[in-house]
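Q: Okay, handing you the structure first.
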Amino acid sequence: MGSCSVSVIVSVVGMPLPPLLVLYGSQTGTAQDSAQRIARQAHRRHLHVRVLPLDDYDVANLITETLVVFVCSTTGQGDPPDNMKNFWRFLFKKSLPVGSLSLLDFAVLGLGDSSYPKFNFVAKKLHKRLLQLGANILLPVGLADDQHDLGLPPTFTFHFLYGDEVEVKTEERRLHPVEPSVPFPARMLFNRRVTEKSHFQDVRLFEFDIAQSNIALLNKNLLLSVPARLPQPCTVRHLVETYLDISAVPRRSFFELLSTVATNELEREKLLEFSSAAGQDELHSYCNRPRRTALEVLADFPHTTAELKMDYLLDLFPEIQPRSFSIASSLQAHPRRLQILVAVVKYKTKMFKPRRGLCSSWLASMDPEQGDVFVPLWVKKGSLRFPTEKETPVVMVGPGTGVAPFRSAIQERIAQGKMANVLFFGCRSESKDFYFRSEWEELKTAGLLRLFTAFSRDQEEKSYVQHRVRDNAELLWDLITHKNACFYIAGNAKQMPSSVCDALREVFQQQGRLSAEQAEQMLVTMERTGRLQNETWS
């Protein structure tokens, strides 16, 4: 039936179907997964398909392309992912002729989260720019939202070699790392727990030696790396231990691929349901809510798992993605050293085994006192920008581990003679998880820092950083309106950032006697001019 349909199309159009190019910009692997899923579906429809990260594609060739699907996520404050930044810079050159992409038919799929202020900003801007350059839209821009309820043949061929261990090499295409930088193997100097032992959460301060790395730290984030490509050949053990994220919660495409190889009727029926749009509520209950891992899913579908060929491994399991952490130190305070503050992820669901964070648990298990430990890492530019003028005050709201980038900034600013520093810090208990307490108190005593704290569980009525913002309305109004202060928020993206912004609106209304609309406009203006910035994570 499929080949007959294609024959009809070819005879009506009078020419073969055009090749499809799928280009993606991905930070955490979601856009890459979606791009590969689109390619598999196109391949089943007899299209010739190529899939590439945007920065691995020679953008000068775009002028001759006829059919391209762009899949891209948005990072930080509306920034493109790391593996499309070169493409982004080229595409927005003012020298590009207006009609240069007139041969191109295109579609853009954006992957975003509507809880962030710059929802799918990159996809929207890309779509607009392609139109400016004369390209033709196939479909309206697709804006996928992570907040929404709904959220082939193998790409690689395995060749087994004889020897003591089963080994494997891959063909057909290179595995693309998310970040093109070459990691530096930094020696871990210490791994120190900074929460009280009885506290429910294990938070660690790590320090690394970066003396030979040429890494500059100001306004940077650290990324912990995975191998950029697989050794050729390599063992299956190496593949699953160091490259494939077998403990990740599988995406919808995982079930879609399993359904294509399943022959057991009951299992295939269930896999098809989980792959369908109508089955996403049930998939969420089965997989996402309990944080069920890919290995646990395979155990639930034993007949299908038994039928899986080794060649599908690299399609089924995603690559382990680099993990990003805000740097919590300044080279001025810690020469040739780099520190990060990491909450070790561990929580319970209805699954028997507790869920654990892959990277944080791995880091926490390292003991540099038992021998040298080296961690592959590099840095990338952070999203927060601080004022260069010495007199400009900086107000920072960083509860929990959100305080990490502000510790780095405060150390740097004090070394530069910038004394107007205000920090709002919140945690559960003053005695259990008050990170860097002695440092803050020393700076406060020296007149280098104004510190406001909120300990949510130390009294009957819960107190959070947004309450302390409201309590200091007069000070904040003076700093923002009379001293041109910049305001920063860092931490968990769930409720805190919006709650702090709500408190700031109330400050504007109360102290400035502004209407709700005027207060909102003032907030928008601050954000547009860089005087209000966020660095949040989920």
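The backbone N, Cα and C atoms fix where each Cβ goes, glycine too.
Automated prediction, rather than curation, is the source of TrEMBL annotations.
Pasting the relevant annotations from TrEMBL:
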type    : residues                                                                       : note
DOMAIN  : 20-167                                                                         : domain 'Flavodoxin-like'
BINDING : 26-31, 73-76, 111-120, Asp146                                                  : FMN binding site
DOMAIN  : 181-387                                                                        : domain 'FAD-binding FR-type'
BINDING : Arg291, Arg323, Ser324, Phe325, Ser326, Gly357, Leu358, Cys359, Ser360, Trp537 : FAD binding site
BINDING : Thr401, Ser456, Arg457, Lys462, Ser463, Tyr464, Val465, Gln466                 : NADP(+) binding site
Q: May I ask for the distance between Arg457 (NADP(+) binding site) and Ser324 (FAD binding site), taken between their Cα atoms and rounded to an integer number of Å?
A: 29
Q: Just to be sure I understand: of Gly29, Gly76, Tyr116, Lys462, Ser463, Tyr464, which binding-site residues have a C-alpha no more than 10 angstroms from the C-alpha of Ser326 (FAD binding site)?
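A: Checking each Cα against Ser326 (FAD binding site), there are no hits.
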Q: Just checking a number: largest C-alpha distance across Thr401, Ser456, Arg457, Lys462, Ser463, Tyr464, Val465, Gln466 for the NADP(+) site, rounded to a whole Å.
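A: Maximum Cα-Cα distance: 19 Å.
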Q: Tally the residues of the domain 'Flavodoxin-like' (20-167) by DSSP class, grouping H, G and I as helix, E and B as strand, and everything else as coil.
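A: Secondary-structure breakdown of the domain 'Flavodoxin-like' (20-167): 46 helix, 36 strand, 66 coil.
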Q: Could you measure the widest C-alpha to C-alpha distance across Arg291, Arg323, Ser324, Phe325, Ser326, Gly357, Leu358, Cys359, Ser360, Trp537, the residues recorded as binding FAD, and give it to a whole number of angstrom?
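A: Site span for FAD, by Cα atoms: 25 Å.
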Q: Long-range neighbours only, meaning 6 or more apart in sequence with Cβ under 8 Å: which ones does Thr401 (NADP(+) binding site) have?
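A: Spatial neighbours, sequence-distant, of Thr401 (NADP(+) binding site): Val203, Ser326, Leu341, Val342, Ala343, Tyr435, Gly491.
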Q: Name, in the order they occur in the sequence, the residues of the same chain whose CB lies under 8 A from the CB of Ser73 (FMN binding site) and which sit 6 or more residues away.
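A: Ser73 (FMN binding site) has long-range Cβ partners Gly25, Ser26, Gln27, Thr28, Thr30, Ala31, Pro81, Gly110, Leu111, Gly112, Val122.
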Q: Roughly how many Å separate the Cα of Ser360 (FAD binding site) from that of Gly29 (FMN binding site), to the nearest whole number?
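A: Cα-Cα, rounded: 18 Å.
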Q: Given the binding-site residues Arg291, Lys462, Ser463, which one's Cα is the least distant from that of Gly76 (FMN binding site)?
A: Arg291
Q: On a C-alpha basis, identify the one among Arg291, Ser324, Lys462, Ser463 that is nearest to Phe119 (FMN binding site); the candidates are the binding-site residues.
A: Ser324
